[in-house]
Amino acid sequence: MPKNSKVVKRELDDEVIESVKDLLSNEDSSDDAFKKSELMVDDQEEKDVDVEEGSDVEDERPAWNSKLQYILAQVGFSVGLGNVWRFPYLCQKNGGGAYLVPYLILLLIIGIPLFFLELAVGQRIRRGSIGVWNYISPKLGGIGFASCVVCFFVALYYNVIIGWSLFYFSQSFQHPLPWDQCPLVKNASHTFVEPECEKSSATTYYWYREALNISSSLSESGGLNWKMTICLLAAWVMVCLAMIKGIQSSGKIMYFSSLFPYVVLLCFLIRGLLLNGSVDGIRHMFTPKLEIMLEPKVWREAATQVFFALGLGFGGVIAFSSYNKRDNNCHFDAVLVSFINFFTSVLATLVVFAVLGFKANIINEKCVIQNSEKILKLLKIGNLSQDMIPHHINFSSITAEDYNLVYDIIQKVKEEEFDSLGLKSCQIEDELNKAVQGTGLAFIAFTEAMTHFPASPFWSVMFFLMLVNLGLGSMFGTIEGIITPIVDTFKVRKEILTVICCLVAFFIGLIFVQRSGNYFVTMFDDYSATLPLLIVVILENIAVTRIYGIDKFMEDLKDMLGFSPSQYYYYMWKYVSPIVLLCLLVASIVQMGLSPPGYNAWIEDMATEEFHSYPTWGMIVCISLMVLAILPVPIVFMVRRCNLIDDSSGSLASVSYKRGRIIKEPVNLEGDNTSLIHGKSPSEVPSPNFGKNIYRKQTGSPTLDTAPNGRYGIGYLMADMPDMPESDL
């Protein structure tokens, strides 16, 4: 071949290569332009569209790595500190083993059905609480916002309790434990026991004076407690780091935070059963007092415990279930998690009363020794006759049974002057009847019992590490109830929102780490959640059964689960649960009205608690907490009712889809692509510009429509949709 012909061929080859490069670059830019293009349709116009239809919906939404991870998340959220320090107290206060009967009945009537309802709507609509209730009824969209507000209020003080647990955890690496003995005070002449501690006890003194350094009233701030401020900051840092990636980060932590408490509870149960007196505590705990079951108060407290134990109304249940696959068996999940929660409460009750039985025996032994010494003194001075004492009694090693025998004899013989002798009966039941709950159980009664354990620092570390994990599990669900709805609705970055939320909560939470902070914790616990959450759950039930339609909801469940749920749920949701919830709401309002609003203040001079009424500004704060929590419901209702928000501009009621289904539009489209998206007629569309336009299947075109570059155009997206004029988009 001539030389010049080779040159020509090389030039032609170069042109071909350049053309291929251009073609590939055009193809990529076309794909990029296509990938950025999205559709936007208002929820009001497409209300009947099946939100979860198709496996390709919401591909970008995170999902649980496994079913186990999801179950542990729900268990971690529902099983919290209340299972350890609230349920045992209610059980002991309301009839012992008989209390389990009303609790189980109410668990079946309101607990499992409402828990199943929240799991189902979250899984069906795949949104947080705001998106779920906006979809079901935009006028009731305030339910989701109210859930977020309540979650925020609860998170503010709940993390303070985690901070307290962290403080005790950090102080447990000492032997002896710092709350084992009362501190000594030295002055110029002699050394004596701290009077405040001597009047109360070592653990009580440590809690109020060393840990909280508590003030004498709500109005007396006393400044920040720097130790608790650091612990609160550490607690919020832990929550932030665990939640910053959503379920992708918190889900992995659930393996430890949800399972570790069970390991500790089992260890404590085994150790507790080996302690002297543990059987007395368990026997006292589960001895049924059937007559108490007939009191309305018992049923009200059982219903409240069921309600809060499962986390109903918080939004965390909905948020967690929204990351499930559409065909997940949420009915099985509801029953499983509910009964795990119940058996955890029973396990914790066994542990608590085994340990309290041991503590009661130790206190009873001290009581016997002290009163035996009193009897010996009375015998020496002649106030009592030696003939009254049985011959086999040896006061140097007297047992509780022998002391009770002597006590009964003296009481009968010296009936008139018995009270002046100052003798105590020293009964274990009297000690066990002293009902303790909440912080008093965890940070006073239980810590005192652990000081008598062999290797007490080890058990103290385990116990407070368990409390931290129980608290964190519930906090993850609570924060998810805030973050997920806001991210779904406003399309903000989850990482930024999580950091901002935790920072704001920490700075507001500084009011709880003042010297008067414990009183604010009590205020928020009493007023920020109870009534608002009851109202939220009642409205949730009404929204599903009356607004959305119970029959339609049952059909959705059948389609989602692959089987028809029992008609039991139909009647529970439609009739029984709303009536029970309304009765509980009325009973709570009446109880709140009859109980004087106030708090128990610690009086340093008397070394005891004293009830104080809230000042005027305190009452305003209490009322404001309840009003602010429920205020979003009427506000959103009026906004929707009066059409103050234009839904066509990407409102809170819109829902998102991918691949040719409804989606929210997070980017502004440019160029010719917008003409297709917004439905311009073909005459309005500019002439094709290679590499810029996307192509659409036209009526009568081949099944696989192709663009000039030989690649599939938008037709592969629209393959499952019928041909329609562009204006229908």
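From the backbone N, Cα and C atoms, a Cβ is placed for every residue, glycine too.
Nobody curates TrEMBL annotations by hand; they come from automatic prediction.
Note that the coordinates shown come from a computational prediction; the quantities given were computed from them, not determined experimentally.
In TrEMBL this protein carries:
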- G76, V79, N83, N341, L470, S474: Na(+) binding site (BINDING)
- 40-57: compositional bias 'Acidic residues' (COMPBIAS)
- 696-706: compositional bias 'Polar residues' (COMPBIAS)
- 27-57: region 'Disordered' (REGION)
- 674-707: region 'Disordered' (REGION)
- 70-88: transmembrane segment (TRANSMEM)
- 100-121: transmembrane segment (TRANSMEM)
- 142-169: transmembrane segment (TRANSMEM)
- 226-247: transmembrane segment (TRANSMEM)
- 259-282: transmembrane segment (TRANSMEM)
- 302-323: transmembrane segment (TRANSMEM)
- 335-356: transmembrane segment (TRANSMEM)
- 458-483: transmembrane segment (TRANSMEM)
- 495-513: transmembrane segment (TRANSMEM)
- 533-550: transmembrane segment (TRANSMEM)
- 571-594: transmembrane segment (TRANSMEM)
- 614-639: transmembrane segment (TRANSMEM)
Sequence-remote contacts (6 or more beyond its ends) of the transmembrane segment (142-169), Cβ cut-off under 8 Å?
81, 128-134, 211, 227-228, 231-232, 234-236, 238-239, 313-316, 439, 442-443, 447, 460-461, 464-465, 467-468, 471-472, 474-475, 478-479, 481-482, 485-486, 501, 505, 508-509, 512-513, 517, 520-521, 524-525, 528-529, 532-533, 535-536, 539-540, 543, 625, 628-637
Below 8 angstroms Cβ to Cβ, which residues of this chain, lying six or more residues outside the transmembrane segment (533-550), approach it?
114, 117-118, 121, 133, 136-137, 140, 143, 146-147, 150, 307-308, 312-314, 570, 573-574, 577-578, 581-582, 584-585, 588, 630, 633
If one looks at the chain holding G76 (Na(+) binding site), which residues at least 6 apart in sequence have a CB under 8 angstroms from its CB?
M254, S257, S258, L472, G473, S474, F476, G477
Apart from its near flanks, which chain residues at least 6 from the ends of the transmembrane segment (495-513) lie with a Cβ under 8 angstroms of it?
152, 155-157, 159-160, 163, 224-225, 228-229, 232-233, 236-237, 239-240, 243-245, 479, 482-483, 486-487, 520-521
Counting Cβ pairs closer than 8 Å, which of 259-282, 302-323, 458-483, 571-594, 614-639 has the most of them with the transmembrane segment (70-88)?
458-483
Tell me the Cβ neighbour count for N341 (Na(+) binding site), meaning other Cβ atoms within 10 Å of its Cβ, over all protein chains shown.
25
Na(+) site shell beyond G76, V79, N83, N341, L470, S474, criterion: Cβ within 8 Å of Cβ centroid:
V75, F77, S78, G80, L81, G82, S258, P261, T344, G473
Rank the binding-site residues N83, S474 by the number of other Cβ atoms within 10 Å of each Cβ, and give the residue at the low end.
N83
Stretch among 100-121, 226-247, 259-282, 458-483, 614-639 sharing the most Cβ pairs under 8 Å with the transmembrane segment (335-356):
259-282
In sequence order, which residues at least six apart in the same chain have a CB under 8 Å from the CB of L470 (Na(+) binding site)?
V79, G80, L81, N83, V84, P261
I'd like to know if the transmembrane segment (614-639) touches the transmembrane segment (226-247) in this structure, counting it as a touch only when three or more C-beta pairs sit under 8 Å and are separated by 6 or more positions.
no
V79 (Na(+) binding site) CB neighbourhood, other CB atoms within 10 A:
27
Could you name the stretch, out of 100-121, 259-282, 302-323, 458-483, with the greatest number of CB pairs under 8 A to the transmembrane segment (571-594)?
100-121
Who are the long-range neighbours of the transmembrane segment (100-121) in its own chain, taking Cβ under 8 Å and residues 6 or more past its ends?
91, 132, 136, 293, 298-299, 302-303, 305-307, 309-310, 312, 317-318, 321, 330-331, 333-335, 337-338, 342, 346, 537, 540-541, 544, 553, 556-557, 560, 565, 569, 572-573, 576-577, 580-581
